[in-house]
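Take a look at the structure below.
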Amino acid sequence: MEEVRVFPLACVVQKYAWGKVGLNSEVAKLVLGGDPQAVIENDQPYAELWMGAHPKGDALIKDNRISQRTLGQWIADCPGCLGSKVKDTFQGQLPFLFKVLSVNNALSIQAHPNRELAARLHAQFPEHYPDSNHKPEMAIALTPFEGLCGFRPVEEIIGFLKSVPEFHALVGNEAAEELQSSTGDAVRQSLALKKCFTRMMNCEKKVFVDQLNMLVKRVSEEGAAGKDTSSSNGELLLRLHSQFPGDIGCFSIYFLNRVILQPGEAMFLGANEPHAYLSGDCIECMACSDNTVRAGLTPKFIDVSTLCEMLSYSPAPASSKIFPSVQDPSDPYVFLYDPPVPDFTVMRIQVPGSVKQYTVSPVDCAGILLVVQGEAAASSAGSLSDMALTRGSVLFISANESVVLHVTSPAGMTLFRACCLL
């Protein structure tokens, strides 16, 4: 059974309501590229493509020599495929879930707990926090990708408190004054910021709905009159309100940085980092967990008190949220996104058109390879036969296996590889 160590995967599509519809979705395009017989429904959202062994979306192995098995079943039977370090460190489990996301509407104001908090939440509320693992995430843009991430510099928040009276009304005079007087003292500033955010998030519903309706009416009228509404973050406010009318999360845009990633740029979302995805297509890699603490812009369970208590109240500019990739010193075509957690690393492999044969190097851990652009015939000692790769193809590569790509596309190839470099 273990002789086949490199094989293609049929991955799971999640049709969440916030996803892009039909072939507007990068997920749908990749699905169709990987399987030209796939039926793409133009009225259906194609939100996420799950590439991994998560129990809620375990990929199916596409290899006739292996009877109908999922990747999770394969790993359970052949844990050595993970590599010895990963197998021992993560108890024989693939430690990450690799995804493609196509976002049309906002995905909740949220944060993910560290391991200690995750264990406590799971013990207390297992119906809402189904495991005890942490859930760091990384998003890498495939198209211009928009999100909220981390608290803005305090000067920007104070600016909105002055220019958006409806926002100021929810925070209150006392908390707003504390924030203004805390500049220059990082500890006081963090405490004041927590107080402001917590006051807003805990407002009575009637109060914040009334203020939100007043704000939307004012911004709409100003926009219709041709006025500049940027001092109220008007365009984003109206967009979020159209998606989630009457939701307190609409006010979060005055606290959190708006980050727009260009293709290839990334942001890393560690424990306790407030964030929300707003629009665009991205590669995502995350630790295998379902633990998400939400507090707005979502129909799902919200836990305002836990979110307000757990967040990292560390203001910083939007530019600081862009996570850099680093060129691999041993391979000029590989760019590493290596976050400060052990669970995963992502590689972007950019093979130029001038290169007709490229070797995906072996590493001491299992990995998943996604073709985003280009075509090749792939061969590996671990696959026992050649495999045709096209846009949307997904391969599982066991530890210490290499794959040779005989590139046939004139423009070269773009691939992403998720693995765990301990």
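Backbone N, Cα and C define each Cβ position, glycine as well.
Values in this document were obtained by computation on a predicted structure and should not be read as measured data.
Listed in TrEMBL:
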ACT_SITE  R294  active site
BINDING   Q110, H112, E137, H275  Zn(2+) binding site
DOMAIN    6-154  domain 'Phosphomannose isomerase type I catalytic'
DOMAIN    170-256  domain 'Phosphomannose isomerase type I helical insertion'
DOMAIN    336-376  domain 'Phosphomannose isomerase type I C-terminal'
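Broken down by DSSP into helix, strand and coil, the domain 'Phosphomannose isomerase type I helical insertion' (170-256) contains 67 helix, 1 strand, 19 coil. Taking the centroid of the Cβ atoms of Q110, H112, E137, H275 as the Zn(2+) site, the other same-chain residues with Cβ within 8 Å of it are A111, K135, L269, E273, P274, T292. Around the Cβ of E137 (Zn(2+) binding site), a 10 Å sphere holds 24 further Cβ atoms from the protein chains shown. Its own atom aside, the Cβ of H275 (Zn(2+) binding site) has 22 Cβ atoms within 10 angstroms in the protein chains shown. For R294 (active site), the number of other Cβ atoms no farther than 10 Å from its own Cβ, over all displayed protein chains, is 22.
Under DSSP, residues within the domain 'Phosphomannose isomerase type I catalytic' (6-154) fall into helix, strand and coil as 40 helix, 43 strand, 66 coil.
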